[in-house]
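Working notes, structure below.
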Amino acid sequence: MAVDTSTPALTSAIPHTKQETKKTLPIKAWYYNENDDHPSKPHQYSPNREVSTDHLQKLGVLTWTEIEADGYEQNKFLNKIKVSRCYSYEEVITVAPGKLPNFEANTKKFFMEHLHDHEEIRFILDGIGYEDVRDFDGQWIRIEIKKGDLIVLPPGMYHRFILDEKKYLKALLLYQGTPSRIQFEKNPETDAMEVRVAYVNSVLGPELESPPEKQHIAEPENHALAAAVKAMEAIRV
Ligand SMILES: [Fe+2]
């Protein structure tokens, strides 16, 4: 069984240490083009409007790429992330017709805009899917997640998930403590949840919910970026 001992870097602008000589490709993310294509298609603008991992970090989204997925149980880097971020419970899910019970209903549910009161952590073991997250101004950003990618969405962030056209994704789901699979769909009640208010205040800025012309783009020195840097410093080998 393959054992990975390398140190995949956070796909970000955070300075690399001398140990991190391996270059990793950033996770792919772009602004979602609201065209008439089926949601499982890429929905890119022409030309594509890419979103950097640095920008994702400012929204509180952590990403790693090129982690060895085969034999992940023995992957030292992944295990270090689990320990440092207190991911004490895990389960494997396969989202595909015939593999996931109530496939149609569940995938429809995953694509409804929602949030969680905990981090959403996905390490992709096989296949491809899309996580869509809301930008500072409410636009959808589409993040492609594929084998070897690890993504962490912060509590209180609105998002949705869909498979790509191949309709197959196998992922390791990680949790801090007792797993909670509850998703809170977007509505005024969810908007008022403590976890949502905390995310808005600490990451998006107090003017998010104001009319578009008054929206304010958070400055780079926001809490989410600071938290991402802190998280990575804790994980560095
Ligand atoms: Fe979710």
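From the backbone N, Cα and C atoms, a Cβ is placed for every residue, glycine too.
Look at TrEMBL and you will find His114, His116, Glu120, His159 tagged as Fe(2+) binding site. Annotated Ni(2+) binding site per TrEMBL: His114, His116, Glu120, His159, in sequence order. The compositional bias 'Polar residues' annotation in TrEMBL covers 1-10. Marked as region 'Disordered' by TrEMBL: 1-20.
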| So which other residues, same chain and not among His114, His116, Glu120, His159, have a Cβ within 8 Å of the centroid of the Cβ atoms at the Fe(2+) site? | Leu115, Leu153, Met157, Tyr158, Arg160, Gln183
| Is His116 (Fe(2+) binding site) helix, strand or coil when read with DSSP? | coil
| query | What number of additional C-beta atoms lies within 10 angstroms of the C-beta atom of His114 (Fe(2+) binding site)? | reply | 20
| said: If you count CB neighbours within 10 Å, which one among the binding-site residues His116, His159 has the smallest count? | reply: His116
